[in-house]
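The compositional bias 'Polar residues' annotation in TrEMBL covers A:142-169. Sequence annotations record features per position, and here TrEMBL assigns domain 'HTH myb-type' to A:9-61, A:62-116. Residues or ranges marked as domain 'Myb-like' in TrEMBL: A:9-61, A:62-112. Annotation comment: TrEMBL describes A:130-170 as region 'Disordered'.
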Amino acid sequence: MGRQPCCDKVGVKRGPWTIEEDHKLINFIVNNGIHCWRKVPNLAGLVRCGKSCRLRWINYLRPDLKRGGFTEMEENQIIQLHSLLGNRWSKIAAHFPGRTDNEIKNHWNTRIKKRLKLLGLDPMTKKPIEQKEHFDDEENNKTNQHPNTSKGSQENVELKSLDNNNGTEKMTKTKDKIEETKNKVTCDTELHNYDIQSSKVELRSWISQENNTSVSSYCSSSFSIDDSSYPCVGQSPYFQGNSLQQWVDNMDSILLWDNFNLLDEDFIFLENKE
DNA sequence: AATCACGGCAACCGCCATTCA
DNA sequence: GTGAATGGCGGTTGCCGTGAT
């Protein structure tokens, strides 16, 4: 038979996380690591769905998260990567250690899109808006115009909805696969070139960010994270030795700061750091 | 001071590929 | 081999803070 159900959604708490819940989750993961998200809520004493715990950890509690706004350099990198990868936020986020896909996606939707529009550029194609025939129909253009969207083209979706025949669906999926493979080859080559071209810039940018002692960067700058350690948090090197205690201390101060906005604590933290 | 509108972001939803019994 | 659970991802929603009126 199959596996056990993820969680019974009845009686599961939803909405914003409290400090207590955050502490419980952090303590549990620090002490036990993550072996199965489904078991995390019960073992950690949380009334949450495992999926919700995972999301909270990845997007907010992870020790190597960068906090604070994106630099112009980062924004430009996002724009470049988006033109190569489309809305594949997790792939884009992989190029930004300490940033989450959710964070980049939000930043794109709230800031970068507007910035590009103000510059008279279409966020999806990065071409001047005048060159496009039907800019108003942005949602359709999203999937049609970009060759690298992850969920397949709008054309395929329409084909599926128009024709319920299974054979057609299989053909469409095969077509998708072929397109995907073609795109991947092109995309990987482009990304490789991009990585080579931008690696020096990125390195310089990150080094300058690491040296920049700001409130927004205190979480990331205290740790030496091996990115390849994901997702085996339990065995991760960033929970070893002093780093663990440092991180727990930092999380405490972040959580307090988030809730009460005690600026004094922040200054104390920065002083201690130096 | 009160109300409204808007923007930002955390969290949820639903789908899909992978894994497992 | 099959079907169900899990993990991951992208799209979307809704809450909350802030600025404008």
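Using N, Cα and C of the backbone, Cβ positions are placed for all residues, glycine too.
Fair warning: this is a prediction, and the values are worked out from it, not measured in the lab.
Per-residue pLDDT, averaged over the domain 'Myb-like' (A:62-112), rounds to 87.
For the domain 'Myb-like' (A:9-61), DSSP puts the residue distribution at 31 helix, 0 strand, 22 coil. Counting residues of the domain 'Myb-like' (A:62-112) by DSSP class, helix then strand then coil, yields 31 helix, 0 strand, 20 coil.
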